[in-house]
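*Asks:* My questions will all concern the structure given below.
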Amino acid sequence: MDESYNNRTSLVKGAKDIAKEAKRHAAKKVSKVVNRAADEYSSQRNYSQFQNEDDDDDDGRYEDYASDATEGHDDEDEIYEGEYQGVPADGKPRDGHDSLGQLVSDSMRDRKDLEQERQADEEELAQQYELIMQECGHGRFQWQLFFVLGMALMSDGVEVFVVGFVLPSAELDMCVPNSGAGWLGSIVYLGMMMGAFFWGGLSDKVGRKQCLLIAMSVNGFFSFLSSFVQGYGMFLFCRMLSGFGIGGAVPIVFPYFAEFLAREKRGEHLSWLCMFWMIGGIYASAMAWLIIPHYGWSFSMGSAYQFHSWRVFVVVCALPCVCAVVALTFIPESPRFFLEMGKHDEAWMVLKQIHDTNMRARGEPEKVFTVNRIKLPKHLGELVEMQSDSANPVAKVLFRIRTELRGIWLTFMKCFNYPVRDNTIKLAIVWFTLSFGYYGLSVWFPDVIHHLQSDEYASRVKTHNNERIEDFTFNFTLENQIHTNGVFVNDRFISMKLKSITFIDSTFQNCYFDDVSTVGSLFKNCSFVEAFFYNTDIDDSKLVGSRIINSSFHHNKTGCQMTFDDDYSAYWVYFVNFLGTLAVLPGNIVSALLMDKIGRLSMLGGSMVLSGISCFFLWFGTSESMMIFMLCLYNGLSISAWNSLDVVTAELYPTDRRGTGFGFCNAMCKLAAVLGNLIFGSLVGITKAIPILLASTVLVGGGLVGLRLSDLTVKYGTSFVCLLICLSIM
């Protein structure tokens, strides 16, 4: 009985499928006639061509769309084809789905055929979407989105500069030993590396807007919290989570904005968007210059809680992130993502909003949005493990996290499938080499300038030998002096500072020290006889090999004292960073104007090669002014490579893995930043030859990969990246 019932059910189902197919083919015949008439009426925007037709009519339809996608009319482009064009031009036509791309009798086909069908659907959707964005136009809506996403990108620039500006003050304020120094820079970049991969992958699953909103909220919360914590370990933890949040900015912002732009506008406006990263650097430099050196901007609650000016700077630097979070709540999700997820109505509503907003701004509110139906790619059926409704909330959360992480990993593995596998490897090499050279030199430049300043400062040291001072009151600042074999008898050191003072083999007899602060000062092999110390910071770390005889210490200052009050060197460091950041403005303008004219890849490779050559001329820098000039020149040349790389990466991948691919490349960028900090930081003060040659070689090699001169370049570029990782571990 059951078997006969199943047979009848199968027979009925098969008959329904046959009837549906016959009805669909009849509708197609009528549709072809209507389409031909519509083609004669309008040749510019003909959306009816995207309806499914017979196999015979699909051959060669999209040959006109196959070239000059977004690469500035570069016919020999190999690394990418602009908006991803799924399959070659001779791809086979599709059957088995209606005009909305819904599944029809997929159980009789294998998965490979379905994947090819989906790729063809994506190709067709990309072409129709381009025409829709042309109809929507470029206007007020895109500019509103431009400034909102620009604030998010500005927050990323601020986060990078905050690390360098806060590092010296934070480590000193929290009494960090030399063994723990430098961890702040590395831990933030590690957090950004993990965040780039996670948020980029998650944006392909749950949406661009939602992921960016959560990521920016995480960054803002932990940035604000880090300004109040007192322990260095907790501070590192907060900054790592802050970096984890801001790591999602770049991998999401560029794909997000690119999906609202037509092809002819994409390169230029993505380049203009990059200027917000520069604005973030200028903002951080200006705020550091205005806030950090003014240590009067601080308060304390007993000896346990200190809130110095650098903490005020951290709070101020979190403001762009807060503004971005608020503004993000008013912008819609990407319609391209909605279409990828099969949400036709939601995508249509967003596209209509774009069209109506731009038309009202142009003074044409009566213009009607003519798109009625948009092609949807076929969705492949996947087996999904379901969680029981009776499970406890914690188990459900853990199950959801595991499912999302597994989905991110599977999407990531698709980035290494044909036809984007080779391009993913090339892009990863270019991201790594450009970042390694940029961030490595960003560490090396300030330290080299600091060493030049230290050498000049040391050349002006005053030396005093065999002096004897009795019954004298020191109530002023002593700076940059060396006292050898001195004798101080019945002297008083009251309310004073010792800055870079070294006492060697000196004797202090019956001396009185009251409210004395020492910065970079030491007492080597000195003798203190019947001396009295009150409210000073002189402790065992500053009494090197000294003898204490019948002397007493009372109410010593606890904690670490901030190093300089209105110190010129602080202002100089911030001013140099300000100049270096401002120097990228001409490069930003040039790249925005020429991106669509000379091509992304030509600009990428040429900029990296030129910046590598400019690096080589650092060899001849013997003064501060020369080094600063070369820093500005290098930043101005390299910014075009960064802008081109952002555009290329956003356009390379199909929508379903665009965020994941960008996140992986940006994670490689942050990994290179960590390695650059370690390798270049260890070479400071040793020799100029190795850092200069290393940076030049890396940048030129990455530029050659970008230009796609040969497959050997990719092979040796990969080997070189592995060599750099091994060197950093050693």
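Just so you know, glycine gets a Cβ as well, placed from its N, Cα and C.
Sharing the features that TrEMBL gives for it:
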REGION    1-121  region 'Disordered'
COMPBIAS  1-10  compositional bias 'Polar residues'
COMPBIAS  22-31  compositional bias 'Basic residues'
COMPBIAS  41-51  compositional bias 'Polar residues'
COMPBIAS  52-61  compositional bias 'Acidic residues'
COMPBIAS  107-119  compositional bias 'Basic and acidic residues'
TRANSMEM  145-168  transmembrane segment
DOMAIN    145-730  domain 'Major facilitator superfamily (MFS) profile'
TRANSMEM  180-199  transmembrane segment
TRANSMEM  211-228  transmembrane segment
TRANSMEM  234-258  transmembrane segment
TRANSMEM  270-292  transmembrane segment
TRANSMEM  312-331  transmembrane segment
TRANSMEM  427-445  transmembrane segment
TRANSMEM  571-594  transmembrane segment
TRANSMEM  601-620  transmembrane segment
TRANSMEM  626-648  transmembrane segment
TRANSMEM  660-683  transmembrane segment
TRANSMEM  689-707  transmembrane segment
*Asks:* Flag the pair the transmembrane segment (312-331) / the transmembrane segment (571-594) as in contact if three or more Cβ pairs fall under 8 Å (sequence separation 6 or more).
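*Replies:* Per Cβ check, the transmembrane segment (312-331) does not touch the transmembrane segment (571-594).
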*Asks:* Tell me if the transmembrane segment (601-620) touches the transmembrane segment (427-445). I count contact as 3 or more CB pairs below 8 A, with pairs 6 or more residues apart.
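*Replies:* By the criterion, they touch.
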*Asks:* Test the contact criterion for the transmembrane segment (660-683) and the transmembrane segment (626-648): 3 or more CB pairs under 8 Å, pairs 6 or more apart in sequence, then answer yes or no.
*Replies:* no
*Asks:* Could you name the stretch, out of 145-168, 270-292, 571-594, 689-707, with the greatest number of CB pairs under 8 A to the transmembrane segment (601-620)?
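*Replies:* Between the candidates 145-168, 270-292, 571-594, 689-707, the best contact partner of the transmembrane segment (601-620) is 689-707.
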*Asks:* Mind checking which residues reach the transmembrane segment (234-258)? Cβ under 8 Å, same chain, six or more beyond either end.
*Replies:* 145-146, 149, 152-153, 155-156, 159, 163, 170, 174, 183-184, 187-200, 203, 208-209, 211-212, 215-223, 225-226, 266, 269-270, 273, 321, 334, 646-647, 649-651, 658-659, 662-663, 666-667, 670
*Asks:* Do at least three C-beta pairs under 8 angstroms join the transmembrane segment (211-228) to the transmembrane segment (270-292), pairs 6 or more apart in sequence?
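*Replies:* The answer is no, given that the two segments have fewer than 3 Cβ pairs within the 8 Å cut-off.
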*Asks:* Pairs of Cβ atoms less than 8 Å apart decide it: which stretch in 270-292, 571-594, 626-648 has the most with the transmembrane segment (145-168)?
*Replies:* 270-292
*Asks:* Mean pLDDT for the domain 'Major facilitator superfamily (MFS) profile' (145-730), as a whole number?
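*Replies:* On average, pLDDT over the domain 'Major facilitator superfamily (MFS) profile' (145-730) sits at 82.
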